[in-house]
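Engineer: The structure under discussion is supplied below as structure tokens; questions concerning it will follow.
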Amino acid sequence: MNLMPVLTLLGVTTLLPGVPALRCQSGKIEAVRNASELPLKWNTDKETCEVGDGCQDLVMLLENGPQINLLISKGCVKIEDQEPQVTWLRTGPGLSIVSYIRVCRHSDFCNDVSSTKVLGDLPTPTVPGTLSCPLCLSEDGCENAPMQVCPAGSTHCYNGVLRLRGDNIITNLKVQGCMPQPDCNLLNGTKAIGTLDMSEKCGLQLGPQALDCNSVALDTLRNVSELHLSWTTGWKTCEAGQGCLETLMLIQNGQEFHMVLSKGCTSAANREAQITRHRTGPGISIITYVHVCRHRDFCNDLSTTENLWTPSPDTGGITTNLRVQGCMPESGCNLFDGTKVIGPIRVSEDCGPQSGAQALECRSGQVDALRKVSSLPLDWTTGWETCKIGEGCQETVLLIVNGPNVNLVFTKGCTADEDHKPRITRHRTGPGVSIISYTHVCRHWDFCNDLSSTHPLWIPPPVTGPGSLRCPLCLSKDGCSKNAPEQVCPAGSLHCYNGVLSLRGGGLISYLKVQGCMSQPGCDLLNGTQTIGPIDVREDCGPQLAEEALKCQYGALEITRNVSQPPFHWTAGQTTCGVGEGCQDTLMMIENGEMVRWIVTKGCTTAEDQEAKVTEHRKGPGLSVTSYTRVCRLGDLCNYLSTTAPLWTPPSVTVPGTLRCPLCLSKDCCENAPMQVCPAGSTHCYNGDVRLRRGEIISNLRVQGCISQPDCNLLNGTQTVGPMVVLEDCGPQLDSQQMNKSALTCYKGVMIKFGSSFAKEAVEWSALSTKVCEPKELCQETLLLIDVGPRTLLLGSKGCSGRGAEDNSGISIYSRPPGMLVASYTRFCSSNLCNEASSSSVLLNSLPRPNVPPPGDLQCPVCVELFASCFQSTNFVTCPQGTTRCYKGDLVLQGDSEIFLKTPCLTENGLASV
């Protein structure tokens with residue numbers, strides 16, 4: 001008898017050191033294939049389980065005429081052992097479903113099924129009947145599904161969606177086929193197979209649909225050294241119309257932080273992902289993240305604290321500027337012997353006078369937030385960026401005060417504008433509405449745009465007595481209601497202001513509705529000001545602005561149809577826009593042979609009005625791409641396009657040419673795409689991905705077809721269509737086996753250590769966290785040693801590589817003794833957690849051990865510093881014989897991943913806390 005499941009349930013597995021953790025075959029495969037390909041075989045990866053876990057084999061096959069859908073799930077599970085079991089959920093005639101499940105713990109890799117033979121034989125074909133039904137197995141939809149003659153005994157056509165949910169399985173499979181009975185019961189009441197949950201829905205789904213959302217509640221207290229954290233969640237099916245919610249709060253106090261995470265369903269309106277830094281220290285820091293979405297299942301997919309918690313560049317952590325002085329055996333600014341890249345680190349050096357043009361690093365960020373005046377002064381922290389040579393650092397702060405409310409706008413970053421000292425401008429000082437701005441451009445040092453509070457700007461206005469005028473009071477980004485509360489204006493107010501401020505520039509696009517008291521008439525709240533720093537400012541007091549914000553038709557649609565089908569129609573939802581926003585209609589058509597892909601997106605936009613415009617991005621022969629765009633503010637729901645008629649034309653008769661190309665227009669792979677005879681004038685076969693990005697539209701469309709010119713230029717250089725970003729990629733595509741291969745998990749972390757003997761004695765090098773890489777990325781580890789004699793720097797990085805890296809490892813020595821030693825170790829590898837070097841011995845063991853020559857006559861300053869000057873920390877040493885000059889230069893190290901763009905805190909012994 002296997003005691004492990006019982007002991008696991010009792011929670012005593014940790015008392016059994018003699019019971020090792022199992023290793024299991026691991027992988028997830030979902031594929032639609034032809035039934036003629038059976039039996040199918042597969043290979044999978046391996047994983048090490050937690051103590052007490054078992055190994056699961058789950059295979060499910062759905063047969064639909066000549067097609068099958070195969071689902072395979074293998075890996076570690078916590079459920080009890082289960083003997084091998086084959087179950088026929090449905091045996092036809094018509095649609096058939098068979099499953100295999102096994103859970104075992106008796107040996108490593110006991111979940112060793114590798115073929116569909118384990119399912120047995122499928123039902124044999126029967127004689128044809130009289131019923132014909134559509135035939136479809138697809139995750140994209142069943143438009144234009146071909147008709148099939150059903151086998152005898154079939155009495156009804158099935159039309160439904162199977163919802164399959166399990167470990168890393170999130171599938172909505174559209175099924176149309178033949179059934180011997182009515183009703184929505186393809187699964188015969190089955191709700192689960194092993195760890196796979198199943199449900200089905202049938203019929204036309206009108207109105208809002210029920211989403212599946214990630215679901216979890218987590219409340220934990222941790223040490224800051226454990227950041228960043230990652231997590232996995234459960235899931236739940238919401239009520240129709242509900243969206244997916246995720247909220248995260250981080251409260252840091254010293255070396256501890258409290259994290260509260262909540263995910264689930266909500267009836268709240270959609271809300272773009274927003275990070276708010278309520279308090280940023282010194283002392284206690286509070287950060288929150290809120291996101292509400294409805295554009296797809298599991299859209300509440302935040303899984304790490306990485307993008308929320310970022311130490312400021314001035315906290316003494318990793319910095320990418322090193323000041324180096326030491327002995328060299330030769331002249332020249334060539335400490336790294338011409339090397340530009342070490343693993344993921346880009347390296348450059350500069351030995352010229354520091355008075356020349358240098359690339360500055362500036363604080364960078366934008367905020368646009370409404371607050372109470374009582375909360376002033378407000379403090380903030382920002383991120384940072386590296387500027388182009390010659391650019392300076394800018395900071396712009398704008399305070400708009402109206403009664404008890406204030407709108408804070410600030411933007412920081414790089415600029416080509418000329419330097420000017422900090423400048424405070426009071427554009428309007430009341431009574432009533434007040435506007436104050438602060439601008440500053442500098443180049444005298446890195447991060448010189450360091451204003452971090454409204455304190456220098458804000459002086460509470462003198463208290464004035466009430467006047468006799470009453471005006472509506474409103475300061476809002478969403479519009480002012482017709483019943484906005486009225487206020488008694490301060491003495492000196494003579495008119496009521498009603499307008500919209502438009503702010504654009506410096507990374508900001510904002511509309512602010514303002515109603516309040518003014519001392520003069522007219523639409524001149526800003527006293528003629530049109531620019532504040534990089535921000536263009538415009539105000540509009542037209543009568544239409546007294547109304548509520550526009551309502552626009554809202555929605556998105558992607559569908560593939562036959563080119564011969566007539567125009568089709570759709571209906572859309574509605575949404576209320578921000579003040580000043582307009583309504584947009586975008587329709588895009590990609591025609592390929594007998595197929596045409598339609599993409600529709602409707603909603604709010606900050607773009608300027610545009611009359612209806614039809615653009616032919618590519619006009620045959622062969623592939624053609626056409627779009628329709630329009631932006632309007634004529635009234636509510638003015639984006640009323642509801643048909644493909646503006647772009648549809650009857651298919652023309654073309655003369656066939658001699659070229660033959662594959663024909664494909666699909667979100668899936670194009671394996672075994674049928675060949676087509678291209679129309680005359682076609683000279684090349686196109687093979688690429690068209691990627692569309694905009695809100696609800698996140699689409700990768702695989703395209704193969706005929707075209708009249710070479711190169712990857714189907715869109716003729718077009719990068720945006722309405723609000724959609726459009727990209728194309730004609731690089732090599734992953735085959736189905738590669739697509740099913742799991743992304744690598746790699747150790748992730750940064751090490752920075754200062755010491756005096758690291759070139760001789762190995763130090764520990766480990767990473768406590770892991771990261772799941774993108775497809776095609778490898779694991780990498782890089783170690784850089786700079787030894788100037790009395791002081792040594794070790795800098796290490798573990799994480800994911802960029803795409804295109806290949807398995808390799810190596811040692812590079814850029815500068816050898818006598819004098820400074822500069823060397824690196826790099827490794828790229830392609831298995832899980834393979835970047836596992838645990839000490840700097842991987843580098844030191846390969847370094848030469850030359851005899852130390854006697855002292856020479858040359859004396860040089862020695863220094864290696866992060867961000868700091870060498871002036872105050874320089875020691876002079878007598879260089880060994882063989883050195884001829886003193887080196888002095890700045891190194892710039894930049895990593896491709898976020899690791900080298902963060903600045904952890906340095907402890908007193910020089911060890912970075914990551």
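Easy rule for this one: first residue shown is 1, then count along the chain.
Quick reminder: no glycine exception, Cβ is built from N, Cα and C everywhere.
The annotation domain 'UPAR/Ly6' is assigned in TrEMBL to 130-203, 237-301, 316-353, 386-450, 468-541, 576-639, 658-730, 766-836, 857-897. Positions annotated as signal peptide by TrEMBL: 1-21.
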Engineer: Which listed range (237-301, 468-541, 658-730) shows the maximal number of Cβ pairs under 8 Å with respect to the domain 'UPAR/Ly6' (386-450)?
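Structural biologist: So the stretch in question is 468-541.
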Engineer: Please list, for the domain 'UPAR/Ly6' (576-639), how many residues fall into helix, strand and coil according to DSSP.
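Structural biologist: With helix first, then strand, then coil, the domain 'UPAR/Ly6' (576-639) has 0 helix, 41 strand, 23 coil.
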Engineer: Can you tell me how the residues of the domain 'UPAR/Ly6' (237-301) break down into helix, strand and coil by DSSP?
Structural biologist: 0 helix, 42 strand, 23 coil
Engineer: Helix, strand, coil: count each for the residues of the domain 'UPAR/Ly6' (130-203), based on DSSP.
Structural biologist: 0 helix, 44 strand, 30 coil
Engineer: Counting each residue once, how many in the domain 'UPAR/Ly6' (468-541) are helix, strand and coil under DSSP?
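Structural biologist: Summed by class, the stretch gives 0 helix, 43 strand, 31 coil.
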Engineer: Helix, strand, coil residue numbers for the domain 'UPAR/Ly6' (386-450) per DSSP?
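Structural biologist: Per DSSP, the residues of the domain 'UPAR/Ly6' (386-450) fall into 0 helix, 42 strand, 23 coil.
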Engineer: Along the domain 'UPAR/Ly6' (237-301), what average pLDDT does this model show?
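Structural biologist: That stretch averages a pLDDT of 83.
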